[in-house]
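TrEMBL annotations:
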type	residues	note
BINDING	Gly27, Leu28, Gln29, Ser30, Ala31, Gly32, Lys33, Thr34, Gly74	GTP binding site
BINDING	Thr34, Thr52	Mg(2+) binding site
SIGNAL	1-17	signal peptide
Amino acid sequence: MASVLDWLLSFFRGLFSSKHLEICVVGLQSAGKTSLVNLLSSGQFSEEVVPTVGFNMRKVRNGNTTIKVWDIGGQPRYRTLWARYCSGVSAIVFVVDSSLPIGPTSHQAAPVPQQQAGAGDAAAAAPLVDPWVIAKEELHALLERPALAGIPLLVLATKNDVKGAATVEEVIRVM
């Protein structure tokens, strides 16, 4: 884990000459954003993480570099906050869960929800949507924001130690 921490800190230091950086970590729920932030701030990894409600902010100090890290919740109700917190940062980290299966619909657009008259339960009314499709659409919607133009982006695939996780090539192709 220390090598991941060292690599990320070196990556951010190499991008900028400033000693004070600000990054925003976004991605769908349960992608591993908070685990990444915890790893950056403490050097420790834990699988027991409480979902982020709204946002968290941590300051990470390494040598003479200070990085303010914004960890923004990935649930649908918090995704509208992403652009606000990403505006003006030094870099954006978009986290995806590579352990999710890539299905035949992973390369398609999400279906438009349709009202189903008389549908008694919510599950029947809501189409199943591939999380890779949602992640791609959220990433592209974020990148289309004019206020975020020119901000460096790192797409970070987590959970690649899980059997059957997507490869780097698959993540690139799907995203």
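Cβ atoms here come from the backbone N, Cα and C positions, even for glycine.
Note: Gly27 (GTP binding site) has non-local neighbours Lys33, Gly74, Phe94, Val95, Val96, Asp97, Ala135, i.e. same-chain residues 6+ apart with C-beta under 8 A of its own C-beta.
Shown in sequence order, Val49, Val50, Pro51, Thr52, Asn56, Asp71 are the residues of the chain, 6+ apart in sequence, with a C-beta less than 8 angstroms from the C-beta of Thr34 (Mg(2+) binding site). Compute the center of the Cβ atoms of Gly27, Leu28, Gln29, Ser30, Ala31, Gly32, Lys33, Thr34, Gly74, which mark the site for GTP; besides them, the chain residues with Cβ within 8 Å of that center are Val95, Asp97.
Of the listed binding-site residues, namely Gln29, Ala31, Lys33, Thr52, Gly74, the sparsest CB environment within 10 A is found at Gln29. As a whole number, the greatest separation of Cα atoms within the GTP-binding residue list Gly27, Leu28, Gln29, Ser30, Ala31, Gly32, Lys33, Thr34, Gly74 is 11 Å.
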